[in-house]
């Protein structure tokens, strides 16, 4: 391609890596052969303001399009956010106000900027209220006439809800048309999304055809599984790693990635070659986790991640690739500090910086407090009953010692260190 040093075929090969599906692939190649900057669209309804590594999968692929000279258009769904995308939902999503979506969007755009380049020829930010708010009812009828109710009910999430007798609001059926009209408004060549967006993106192709435009290519990326090893990464499921996590927190969470997920995390979140990934996995989960944690913690500690999170980037940090071993003098200071603290805790130590909670004197009886109540007040357990269960299973510690007595009364005349599992600590003290 002009100015990038890649032929269209080479560019396609780069873009295909990690993609789940490109619909249709031959149309993407044809568009690349036109030799012009393509308009690559991503729609985002900022129902939650914080981004995580699951979002990074799609955003990094868009960054790759930018590095090849194409323009990314990030469409903030301030209007569609008031409808609520039903994709992957088992029930109607509560709508947000226009003000709520725009407030969330500020954080969303700032965090996406850690990944996307924002030069004017490579990036454009739009709000879909620009064109959707002014649509006439006549235009809405025209849009909805392009599909049948039967076609809408073929969509997996609607189908499941319909068969289960769970209500589907009519406004939810309008969402795919609104998203499709976004593609018409900006004349999208490519629309990005996760696999759960397949239906919506295909509707975009049909609507563009109806408006006399060349249909967009649907570029679908896999959904990143979260730290629980079961569901897609989601803040609501508390199985996420945020893009703006402090280095220590990010490193710690990456070391907790379930072993079976390591291959997908390397393939979707880094640019390591396949043979390099295989070598890491063969070396074992511990060195593989360390390389993953070092790479991503270092990359996201930067104001903007590097174009490629690869072996060259790893070695530029001062780490030796071949050994995969620990070099205490290597790496940026924040990564070295995060790794050192992780190792300290893994060996049974207590981190230097831990959250602190004050306990009101009214909770004490004769200067003491029930241990289960103490852990609940500290936020380490959701209930006294759960605290008792964990103590019976030797899952809680007080000042480094394993607790065995669920009825223990704890003296709070001095600060105490509470611990749940290997890496959750709280210092508690009596309020003044």
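Keep in mind that glycine also has a Cβ here, set from the backbone N, Cα and C atoms.
Taken from Swiss-Prot, the feature ATP binding site applies to 235. Annotation note: residue 235 (ATP binding site) sits in a coil segment as assigned by DSSP.
Here Swiss-Prot flags 369-430 as domain 'S4 RNA-binding'.
Per Swiss-Prot, motif ''HIGH' region' is recorded for 46-55. For the motif ''HIGH' region' (46-55), the residues of the chain that approach it from at least six positions outside its boundaries are 76-78, 81, 84, 93, 96, 101, 103-108, 111-112, 223-224, 226, 232-236, 240-244, 269, 296, judged by C-beta separation under 8 angstroms.
Among residues of the same chain six or more beyond the motif ''KMSKS' region' (232-236), those with a C-beta under 8 A of the stretch's C-beta atoms are 48, 50, 52-54, 194, 196, 223-226, 242. Positions annotated as motif ''KMSKS' region' by Swiss-Prot: 232-236.
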DSSP helix/strand/coil residue counts for the motif ''HIGH' region' (46-55): 3 helix, 1 strand, 6 coil
DSSP residue counts for the domain 'S4 RNA-binding' (369-430), split into helix, strand and coil: 16 helix, 22 strand, 24 coil
Nonlocal neighbours by CB distance (under 8 Å) for residue 235 (ATP binding site), same chain, sequence gap 6 or more: 48, 50, 52, 242
PLDDT averaged over the residues of the domain 'S4 RNA-binding' (369-430): 92
